[in-house]
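Colleague: Just passing along the structure, written as structure tokens.
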Amino acid sequence: MLIVCHYAEIALKGGNRKIFEEKLVDNIKKSFNKNGIVFKYVKRIFGRILIELSDNQENGLIVKALKSVFGIAHFSFAEKCEKDIERIKEKASEILSKKDFATFKVEAKRSDKKFPLISQQINEQVGEFILGSCRATSAKEVARQLPLLKVKLENPDITLYIEITQSGVFLYTEKIAGPGGLPVGVSGKAVCLISGGIDSPVSAWYLMKRGVEVIFVHFFASQSGYEKSLEKVRDILRVLKKYQLNIKVYFVPFGDIQKEILLKTKADLRVVLYRRFMFRMSQEIAVKEKVKALITGENVGQVASQTLDNILVIEEPTNLPVLRPLAGFDKTEIINIAKKIGTYEISVLPHLDCCSIFIPKHPQTNANLKEVKQQEKKLKIKKLINSALKHSTIEII
């Protein structure tokens, strides 16, 4: 069983293209291993990835595995033949004889320029052969009134794709869409603040799609029932694990910090102060992990802490870039993506969210940095952070 995988953006990477291709090959192998799919090889050939699998494996499982590998634009179950036009015609007729259709077209691509025919000549000769062989068959079946086949260049019932490569000729009739993007790992690492809500898992997914390996940090309230909140986050990460096969998460206790903020600072600035502490600790984790950015699920104007004024104040303690892929999305758009990737049903389950505990009746929407820093002088910031990080735990999902 052969599969031809095509990528999109990787082809534009110039001198780094080989690195991107090798990472894609590695990620495909890992996805197959995780799903129990036995393969003979996964290798690079010019402009594509070629896979040979052991026979008698479930197509549905193979499709599921490849649809979760970022970097794949589309893939096809293919058949191979020699680089000879007569063999190509015979293989094309053999493939189409198993299909039910009335109109068709042939679409050839020739990456091996040593092949004597150009793409248009291949299209014409193979198309003529299919018409001739099918007419002969149809003449014998007049009693059944089978229609003769027709070439139709726009919206045919079926398209026969032919790829002439240095490694042989590959023929197929279906392109199965992959997830697109870049292979996870080619764009470095980032730390994502994950709450257990709808937004942050979607943000992480978008950055995974751009080739970023995501490390997660979850801040939990030390309240009764917090274990259910942690398990909810684990469940979300198990869903994201199909896109990034190795996931690390830091669980950081936040209760003592919340109590200090509650007792010693202005009520309307609590959420801003919570978030500034989270950013400080996330940066310390980022430095430890040698990552290049932070990721959040923040969405401009969605809640009180996510006004532009508050966002500016909240991110001030960190010197790392903060990536907010959902900044301009409507909530319905975010929900639709969450449903698509499989995190929504888990995210809407009730849980203890640090930022929603002890939330003031009228939170500040345009925090002043000078005033916030005055409030922070009442807190032993370094001591609180060191204690929280000391009691944090690391899990591999």
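In case you wondered, yes, glycine gets a Cβ from its N, Cα and C as well.
Because TrEMBL annotations are produced automatically, they should be read as predictions rather than curated entries.
This is the feature table in TrEMBL:
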- L193, I194, H218, F219, R275, G297, Q306: ATP binding site (BINDING)
- 60-175: domain 'THUMP' (DOMAIN)
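In terms of burial and nearby residues, how do these features look in this structure?
Modeller: Look at L193 (ATP binding site): DSSP puts it in a strand.
On the 0 to 100 pLDDT scale, the model's mean across the domain 'THUMP' (60-175) is 89.
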Colleague: With DSSP as the yardstick, break the domain 'THUMP' (60-175) down into helix, strand and coil residue counts.
Modeller: 45 helix, 31 strand, 40 coil
Colleague: With every protein chain in view, how many other Cβ atoms are within 10 Å of the Cβ of H218 (ATP binding site)?
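Modeller: Around the Cβ of H218 (ATP binding site), 25 other Cβ atoms lie within 10 Å.
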Colleague: Among all the protein chains here, how many other CB atoms are within 10 A of the CB of G297 (ATP binding site)?
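Modeller: Step by step: centre on the Cβ of G297 (ATP binding site), count other Cβ atoms within 10 Å, giving 25.
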